[in-house]
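Student: One structure coming up, written as C-alpha cells, with questions to follow.
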Amino acid sequence: MSNQAENTTHFGFKTVQEDTKADLVAGVFHSVAAKYDIMNDVLSMGVHRIWKRFTVDCSGIRKGQKVLDLAGGTGDLTAKFSRIVGQTGQVTLADINDSMLKVGRSKLRDLGIVGNVSYVQANAEELPFPDNHFDLITIAFGLRNVTDKDKALASMYRVLKPGGRLLVLEFSTPLYEPLSKFYDFYSFNVLPKLGKLIANDSESYQYLAESIRMHPGQEILKEMMNSANFEGCEYFNLSGGIVALHRGYKY
C-alpha cells in the first residue's frame, strides 16, 4: 500500500499514478492546442506578452548562442530568441506534445522564422541532447505539468553549458491577500467558462486553475533549483506574484 502511495502524483487536485499523469496532461494540450494562443490573450488580457518580454530581457542571450525553449508550445519565446541569436545561433523548440509542436511549427513558418529553429518532441525529464550543449534554457508555463520536477531540473542542468542560464516562467503564489482572493475567484469561476465559450473545453481550464495551486511557490521552487545544483538562484515576482520568473546558473 505504501509503495502505491509513493508512486502517486497530482493532476490538478486529483491524485493519480505517476505513470498516468503524462497521458492526462497530453490530453489537455491535444484539446487546447488549436485555441492556445487566443486563450492566452483572453485569459491574461494580453499580459502574458509582457511576462515573456521580461523573460527575454533577463536571458542575457546573444548572437550565435544556442537556446532550448522547453515546453515551448506555440513558439512565442522561440520567435523572439530566433531573431536575437541570428543565423549563426540555434533555437530548439521542444515540447512533449506533438499537437502543440505542430501549431508552433506552422505559426513560426507563417512568420518567416526558418533556418535557425529546430523542433523536437521531448520529455523534460529525459532530454535527448548532449551534455553541456545549450547557453540558455527557458521553460514557460510548463514545469507545473511535469510529473517529476526534480528529475526535469536535473536533466536541464545536464544539457546546459557551464556559464549557462535556466529561466523558469511559471504561475506562482500571489503576494497579497486581496489579490489572492480575486485570483481564486477568477481562476475557478471565470477561466472554465471562458474555456467552454472559446475552446469548447471547460475541463482543461479547470485543470489549469488546479495545477497552478499545486505548483511549488516561489521559495520552494528556488530551493528545488538549488538542489539541482543551479547557483545564484533568484526570482522576480510579476503581477503581484501571480507569475514568477526564476533564474539560475550553471558554473
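In case you wondered, yes, glycine gets a Cβ from its N, Cα and C as well.
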Student: Out of Thr74, Thr88, which is the one Swiss-Prot records at the S-adenosyl-L-methionine site of Asp95, Asn123, Ala124?
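Tutor: Same S-adenosyl-L-methionine site in Swiss-Prot: Thr74.
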Student: Around the Cβ of Asn123 (S-adenosyl-L-methionine binding site), how many other Cβ atoms lie within 10 Å? Please give the count over every shown protein chain.
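Tutor: A count of 17.
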Student: Helix, strand or coil for Asp95 (S-adenosyl-L-methionine binding site)? Use DSSP.
Tutor: strand
Student: Just checking a number: largest C-alpha distance across Thr74, Asp95, Asn123, Ala124 for the S-adenosyl-L-methionine site, rounded to a whole Å.
Tutor: 17
Student: Going by DSSP, is Ala124 (S-adenosyl-L-methionine binding site) sitting in a helix, a strand, or coil?
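Tutor: Reduced to three states, the DSSP call for Ala124 (S-adenosyl-L-methionine binding site) is helix.
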